[in-house]
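What follows is a single structure, written as structure tokens, with notes after it.
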Amino acid sequence: MAGKLGKKVGSKLGKPPTKKKQKKEPLPPKPLEKEDLFSDSEGTDGDFEEDGGSGDEEQQEMNSDSDMSSDLDDPFAADILASGDADDGSDVHSDSDVDSDSDADDTDLVRKSKAIDDEKKREEEEGDLELQLNIKEEADEFRLPTTEELEEETNRPPDLSNLQRRIKEIVRVLSNFKSLRQEDVTRKDYVDQLKRDLGSYYGYNDFLIESLVELFPPVELIELIEAFEKPRPISLRTNTLKTRRRDLAGVLLNRGVNLDPLSKWSKVGLVVYDSQVPVGATPEYMAGHYMLQSASSFLPVMALAPQENERIVDMAAAPGGKTTYVAALMKNSGIIYANEMKESRLKSLTANLHRMGVTNTIVCNYDGRELPKVLGQNTADRILLDAPCSGTGVISKDESVKTSKTAADIQNCSHLQKELILAAIDMVDANSKSGGYIVYSTCSIMVDENEAVIDYALKKRDVKLVPCGLDFGRPGFVRFRQHRFHTSLDKTRRFYPHVHNMDGFFVAKLKKMSNSKSAAKASAQSEEIEDADTIENSDQQNAEEDDDKHSEQEGIAKESGKLNEKAVADKKRKRDYQKHSDKKGVGQNGGGTKNGRAENKPVAPKRREKKKPPPIEEIAKAREEKRNALREEKRKATLKKKPGNK
């Protein structure tokens, strides 16, 4: 046992020095251990050099001594064993140090590669920043094309990328015109160039682009035109006469139709994202469980709010989406007159009524303007007039509107709509217990087809605007460019594709106050006076100085005094003329002669010769002109009063 232990000690005294010389250099963290090992290794090397060939004998003596010592003293042997274990531990430690050195080298490589990556990333960020600065500088220096450049563009095919970039730049300049404008270039020049570019890029005619530019600011105009380029979502209306929305949605989901409820404002609508089957050819569609109907077509019926057992007229009913919705809300009670002027559309109207299970509807084929003569005046409880229009709100469905509509078309539509709304008002019974309402709607966004028609009806009939019952949508225009409409037109609602994600639409709800048309003139006159008063009050609020306000009020008072004097003079002249005609009639009846001949002319032409007072529109126009003149004088006076002006 002791001999084996001595051999182990001897082997560890002879072999480690070479290892320790090799490991001496790469272990800087522990200098004390290295010095000890280094001194031991030197001593052993010296012994080997001095003894030379007698190393075997000395080795045997050392082994015997170690055996003796181990036999005599076990603790010493334990110390030697401990020292051997320590040497083994130092070997393990040295191996771990080598591993740590390799790990440190790997860490240095990772650190260097990371630094290189960071440097490259920083250079890329600086390059992107510099590129953005260059682009910004180029954008800030945007200039409108010259006449020669525009002529060159007309001689070659349109460059769509260049047009798009120029449209964006012009919109950016117009949004901050004061700081980004080009010197000696007016806003009108930018707007004219924008009109030309929009017409070329999106394919609109000049009239429609100009109308849209007047309606919307530049940024919103681009959003609207882009929305017109995309189709609206497909929507369904559940037929509550046959099913419920929850049941219908479950069945369609099982058929592979991906859908969701339309919105919070509708309890029967569903929006379809995609479908594995044709939505218009499912068994549920054939059975009349739902109707393919745009979301905007829900709105007029919701505003009408029909009640059970009422008498309702739909003046332009085809293809029947709104009529069947009204019947569902009435639960097939009461009577609905579904009128359609075009005979070719009666087939689809009748087919949808049968498919949806509607039993309370009478289909008729008349011109809507003649309906009061057919159905009678003051006979209906509610009227739904979805008037024929130019279709400028549904360009996404019919792109031919971009180039086919002109100012003459808009005026023709407006004239027809005014006649239809007067006929609708005449059919409604103002004394109806539950009704007396007219809902007017169009799929147009033109002011001439919407607010102008309602304002005309307010002047011609004794009606008033009431809230539509729709908690969303933009209010209608009270003022638009040179037009001044009734102040209650803010109760109407406008819907746009870029705001509400539905077709462009207009909805207004009227309440008939009386069945007499004479009261309509008085109400129109009072409304005209109210409008004038509101305009006058707003002008007074916008005045800069109290003296100017006072002078304007005096001018208006003088103006009204002159109008009163003119009215009195007209009345006096009328009375004199009437007395003169009466005397002339007496002379004729009494057999009076002139130049020896009997005057036998009838008295009837007296009515034709009677001079009519000027209409209210002319009086209002004259007042507006005089107010404008007074405002202009006031502005000039204020400019003269300022110290900077001479």
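Keep in mind that glycine also has a Cβ here, set from the backbone N, Cα and C atoms.
The region 'Disordered' feature in TrEMBL is assigned to 1-128 (among others).
For 1-10 (among others), the entry in TrEMBL reads compositional bias 'Basic residues'.
TrEMBL lists 24-37 (among others) with the feature compositional bias 'Basic and acidic residues'.
According to TrEMBL, the feature compositional bias 'Acidic residues' maps to 38-60 (among others).
Taken from TrEMBL, the feature compositional bias 'Acidic residues' covers 97-107 (among others).
As annotated by TrEMBL, compositional bias 'Basic and acidic residues' applies to 108-124 (among others).
Feature annotation from TrEMBL assigns domain 'SAM-dependent MTase RsmB/NOP-type' to 224-513.
Per TrEMBL, S-adenosyl-L-methionine binding site is recorded for A316, A317, A318, P319, G320, G321, K322, E340, D367, D386. Sequence-distant contacts (6 or more apart, same chain, Cβ under 8 Å) of A316 (S-adenosyl-L-methionine binding site) comprise N339, E340, M341, G368, L385, D386, A387, P388.
Other Cβ atoms within 10 Å of the Cβ of C443 (active site, nucleophile), summed over all protein chains shown, number 23. TrEMBL lists C443 with the feature active site, nucleophile.
What TrEMBL records for 518-646 (among others) is region 'Disordered'.
Residues or ranges marked as compositional bias 'Acidic residues' by TrEMBL: 527-547 (among others).
The compositional bias 'Basic and acidic residues' feature in TrEMBL is assigned to 548-570 (among others).
The compositional bias 'Basic and acidic residues' annotation in TrEMBL covers 612-636 (among others).
Summarising the annotation, TrEMBL assigns compositional bias 'Basic residues' to 637-646 (among others).
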Number of helical, extended and coil residues in the compositional bias 'Basic and acidic residues' (108-124), per DSSP:
17 helix, 0 strand, 0 coil
For D367 (S-adenosyl-L-methionine binding site), list the number of other Cβ atoms lying within 10 Å of its Cβ atom.
13
Neighbour count (Cβ, 10 Å) for G320 (S-adenosyl-L-methionine binding site)
27
Site with most surrounding Cβ atoms, counting all protein chains shown within 10 Å, from the binding-site residues A318, K322
K322
Mean pLDDT, the domain 'SAM-dependent MTase RsmB/NOP-type' (224-513)?
94
Measuring Cα to Cα, how many Å separate C443 (active site, nucleophile) from K322 (S-adenosyl-L-methionine binding site)?
14
